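Undergrad: Dumping the structure here so I can ask a few things about it.
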Amino acid sequence: IELKTAPADFRFPTTNQTRHCFTRYIEFHRCLAAKGEESNQCEKFAKYYRSLCPGEWIDKWNEQRENGTFPGPL
């Protein structure tokens with residue numbers, strides 16, 4: 001098994017990766033909306049946000065998306 005995290009991103013130069021996590025989550029869901037659920041092209045974004053974001057945040061955001069209360073621009 002090869003474990004990797006998201007690559008460095010010049011938009012997020014500090015050690016606090018909260019915004020990086022949130023942005024990667026949004027990029028993944030935008031990719032799915034644009035390319036469809038069956039597209040493998042979005043999988044890299046999924047790997048990125050899953051390696052950066054705490055599981056509790058992901059669960060909360062998924063629930064918010066289902067309820068239509070997600071605060072981000074999807």
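Cβ atoms here come from the backbone N, Cα and C positions, even for glycine.
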Undergrad: If you check TrEMBL, which of Cys31, Cys53 bonds to Cys42 via a disulphide?
TA: Cys31
Undergrad: Could you tell me the C-alpha distance between Cys31 (disulfide bond) and Cys21 (disulfide bond) in angstrom, no decimals?
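TA: Here the two Cα atoms are 15 Å apart.
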Undergrad: Which has the fewest other Cβ atoms within 10 Å: Cys21, Cys31, Cys42, Cys53, the disulfide-bonded residues listed?
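TA: Looking at the disulfide-bonded residues Cys21, Cys31, Cys42, Cys53, the Cβ with the fewest others within 10 Å is that of Cys31.
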